[in-house]
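Among the features that TrEMBL reports, domain 'Deacetylase sirtuin-type' is placed at 1-257. Per TrEMBL, the feature Zn(2+) binding site maps to CYS110, CYS114, CYS145, CYS148.
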Amino acid sequence: MSAADGFTYIGPRFETAFPDFIAKYQFLDMLQASLFDFEDWQEYWAFQSRFVALNYLDQPVGQSYLDLKEILETKDYHIITTNADNAFWVAGYDPHNIFHIQGEYGLWQCSQHCHQQTYKDDTVIRQMIAEQKNMKVPGQLIPHCPECEAPFEINKRNEEKGMVEDADFHAQKARYEAFLSEHKEGKVLYLEIGVGHTTPQFIKHPFWKRVSENPNALFVTLNHKHYRIPLSIRRQSLELTEHIAQLISATKTIYQKS
């Protein structure tokens with residue numbers, strides 16, 4: 001959905017923010033770059049500070065998020081997202097209805113995962129951007145864990161290490177699971193927006209399973225790419241491949257007229 005609003009990880013938005021990193025490492029997109037194993041922590045934070053500012057601190061509100069919020073205002077809903085940007089927060093969603101299962105770019109965690117607590121300091125991020133030179137931040141700006149003194153890293157899930165899941169994460173998870181438990185039966189819409197096959201275990205596959213277990217449930221997927229829907233739920237599914245922002249805007253217009 002963020003990409004549909006123009007907040008893409010490729011093209012001019014990426015190239016303008018990271019020309020030096022692209023020249024050095026030949027990165028193809030911002031996702032690849034954000035997962036790269038940089039040569040040291042000074043270089044890591046030079047990249048990540050700019051990344052966090054672009055995709056979290058300074059990312060403007062997306063129209064699709066505002067349109068979706070208007071559609072959901074009269075509905076009993078809950079959102080699970082693998083996006084780690086600020087999109088739901090800056091659009092004014094109720095935080096009690098959001099579950100960031102992949103972490104958030106604005107939070108820090110111990111790189112050794114020595115304890116389950118996240119941290120945040122936007123002022124230091126701004127300092128890193130202002131004071132970095134030759135793709136490195138000053139060593140004294142690198143944040144460190146107060147428990148084991150290892151450097152901090154961004155709070156996002158790693159395929160091998162996982163991520164730090166603090167008390168707020170578990171509160172988000174508990175609210176989401178409680179909502180699912182309350183809506184096992186009856187008419188339930190499982191609306192999947194822009195979900196691919198990078199991490200299908202978090203949204204796509206659980207949605208398919210719940211739809212298969214509830215004959216009154218409907219699975220709707222909005223994605224410009226075509227993904228195979230299991231035969232067992234195809235009669236309960238609707239696939240829309242038009243532009244996501246346009247689909248959400250058109251749906252909002254229909255709701256306004258009804």
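Each residue, glycine too, has its Cβ placed from N, Cα and C.
The local packing around CYS114 (Zn(2+) binding site), expressed as other Cβ atoms within 10 Å of its Cβ over all shown chains, amounts to 14. Each of the binding-site residues CYS110, CYS145, CYS148 was scored by the number of other CB atoms within 10 A of its CB, and the lowest score belongs to CYS148.
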